[in-house]
Amino acid sequence: MVLTDLYGRPVLSLRIQLNTTCNFNCFFCHMEGTEISGEALKPEEIERVVKIAHKFGVNKIKLTGGEPTLRRDLIDIVKRIRKYITGNISMTTNGVMLPILAYELKKAGLDRVNISMHAFDEDTFQAITGVNSRDRIIKAIDAANEAGLTPVKINFVVLRDLNVDQIPDMIELAAEKHAILQLIEYETTREGESSKEYLKYHMPLDSLEKEIADKALSIERNELHNRPRYIIRTQAGEVKVEFVKPQRNPDFCAHCTRLRITSEGEFKTCLMRSDTNVKFKGINDEKTISELFRQAVLRREPYWRPGDEVRQNEVLAKSIIQNKRK
């Protein structure tokens with residue numbers, strides 16, 4: 001039986017945060033809406049909550065971090081999840097460990113990966129991530145393809161005056177590697193919109209999307225968040241470019257069918273909120289966890305509502321003023 005929240009949104013998938021540690025230091029990382037924490041959920045705890053979620057109709061899992069490949073028990077975790085989930089199991093990763101782990105992850109039951117690559121050239125890559133690993137990420141994409149962790153999605157957070165000029169190269173790279181390129185809007189909470197980093201680097205993607213749409217051979221829709229995906233032709237062949245535009249986007253929230261699980265053992269109803277979290281860590285009784293799961297679903301509500309998109313103009317005005325003062 002699929003559970004539906006009070007806004008008519010079914011919960012069809014889980015986004016499971018395996019840890020909060022990472023070997024990159026991207027300044028815009030939202031850390032899945034959590035803080036750096038200590039002990040993470042054990043494999044058997046993750047298995048238990050997946051088993052319960054599956055009883056409620058969940059059949060799709062996304063593994064995230066931090067950086068999930070830093071967990072030494074990652075293969076075991078994937079195997080445990082696959083016992084219950086017949087749908088898609090995917091993982092978001094920076095890719096550093098993929099050349100080593102790709103085949104074992106596929107064998108364990110992982111279907112595909114999202115690989116974060118926020119710049120095409122080495123200098124910008126290092127400026128964003130704090131590490132000199134651009135070439136290794138290219139190898140990670142190749143390793144994922146060779147292992148069958150496909151289709152690979154390349155996550156690219158668009159940052160004004162930092163990596164926008166590299167989007168054409170990223171599109172060609174995605175086409176060459178038979179990957180899907182996800183152009184992702186830099187997102188934050190309402191309070192975070194006034195931060196220096198956000199005002200400096202946030203860029204609405206509407207004009208960029210129109211440019212891509214004008215070149216598109218066809219368009220698809222990702223049911224999650226109703227995200228548009230354009231098929232365009234490049235020198236390396238056809239490629240899919242998907243736009244992820246969450247900031248002040250009521251339509252994005254209206255199509256959210258995902259419940260999050262934090263590494264500390266909480267059901268998290270929304271990336272942007274922690275006040276509605278429901279803790280299940282330390283509870284072994286499946287009946288009790290099932291009830292907590294129900295509670296979490298009923299606490300879900302859209303973060304962005306109709307009318308919030310209008311205030312985006314105020315945020316843009318602040319950004320323009322700040323950048324003129326540079």
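Cβ from N, Cα, C; glycine included.
Note that the structure is predicted; figures quoted are calculated from it, not measured.
Swiss-Prot lists ARG15, LYS62, LYS153, ARG258, LEU259, ARG260 as binding GTP, and of THR92, THR93, THR124, THR188 the one it places in that same site is THR92. Within 10 Å of the Cα of CYS22 ([4Fe-4S] cluster 1 binding site), the following binding-site residues from the list ARG15, LYS62, GLY66, THR92, CYS253, ARG258 place their own Cα: GLY66. Sitting within 8 Å of the Cβ centre of CYS253, CYS256, CYS270, and not among those site residues for [4Fe-4S] cluster 2, are the Cβ atoms of ARG9, PHE252, ARG258, LEU271, MET272, ARG300, GLU301, PRO302, TYR303, TRP304. In sequence order, the binding-site residues near SER116 (S-adenosyl-L-methionine binding site) (Cα within 10 Å of its Cα) are THR92, LYS153, drawn from LYS62, THR92, LYS153, CYS253, ARG258, LEU259. Taking Cα separation as the measure, LYS62 (GTP binding site) is nearest to CYS270 of the binding-site residues CYS29, CYS253, CYS270. When averaged over the domain 'Radical SAM core' (6-235), pLDDT in the model lands at 95. A coil conformation is recorded for GLY66 (S-adenosyl-L-methionine binding site) in the three-state DSSP classification, outside any helix or strand. Other Cβ atoms within 10 Å of the Cβ of ARG258 (GTP binding site) number 20 in total over all chains.
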